[in-house]
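Notes follow the structure.
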């Protein structure tokens, strides 16, 4: 890989964001001589992005920090189809109302990372439904479809692997890569965008856009993809044992978000500090030198910095303090997740097994049972080893709540109503 002249590509390289670039010399020269507008597309198939999207959001963050213009593309049009890249089956089709509602919720996250406005490097959020939903199908086939080879499209890994596993690929989904390529050209026409970024699974789709632009007479367009990250143990980023690590606070509490990053494996701490925080590299190198139990301090800094970017510094510090009190002082922190229960249920007693599942601490009764038998469940910091144990009114403490603990790191406050 080249030693880059431009600040943006230097940061991308130094921090580990780069998987592939379509033309390293050409892109570096472009970034060195002018303000570059670039974009990443986000799929609005849920009402929140999850932590797997943070890598791309940080790429946009650094793009703006180094004096360039990041564009957020919401797939309001392509979302009606769903990206088939490396999926074994078709996604559930959403309505336009579903997607519009999801986009409204997702937009809030980007304001934490990007500056929006009318200045040259200010960001904006664009919805590809603006042009895709008004296309004339016959004109599109004639003017755009003629530039795509089905033979070549079938050779892309995202399609080939699915067909080799004998999973069907609908004509609807097959059109996705054509629409994404068209997005790139349309965004150049409307906003002067010269580069698309994305995960490495999007390489084929982005290259399609570059080639379409060449055939339609645009200036040279560029691709930059990031690696598809997993943890050192092979787990997919953005997923936990309890499901997706959502970015919206109404879908995952800031405390749970902080805790996800606090539980980072030792081998991943330095890599994640580079990718997910704006900390200077010299500070990251100092933290990476920590060994043994000292690495836990680096994990706390990692969790707090990532949470601060998403939820604000004050709240990040508050949840870090909650964690400290919970784990080090065994007291109740203000930001622990809460689960509300009918107070009448406690008069007769509620089964501990059921409550562990309902409160989201355990995925199943059998998992809860194993933890109880192993001494891993506590009620108000007292170990409970009886799987038939009932939670009753007398368990309510002076603060009017009941603290449930599942293992060392998962806690919920039960609040009777």
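Using N, Cα and C of the backbone, Cβ positions are placed for all residues, glycine too.
Database features (Swiss-Prot):
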- 39, 176, 180: L-tyrosine binding site (BINDING)
- 44-53: motif ''HIGH' region' (MOTIF)
- 236-240: motif ''KMSKS' region' (MOTIF)
- 239: ATP binding site (BINDING)
- 350-417: domain 'S4 RNA-binding' (DOMAIN)
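Sequence-distant neighbours of residue 39 (L-tyrosine binding site) (same chain, 6+ apart, CB under 8 A from its CB) are 70, 71, 72, 73, 126, 187, 193, 195, 196, 197. Across the annotated binding residues for L-tyrosine (39, 176, 180), the two most widely spaced Cα atoms sit 18 Å apart. Shown are the binding-site residues 176, 180; of these, the residue with the fewest other Cβ atoms within 10 Å is 176. With DSSP states grouped into helix (H, G, I), strand (E, B) and coil, the domain 'S4 RNA-binding' (350-417) comes out at 19 helix, 21 strand, 28 coil. Taking H, G and I as helix, E and B as strand and the rest as coil, DSSP gives the motif ''HIGH' region' (44-53) the counts 3 helix, 1 strand, 6 coil.
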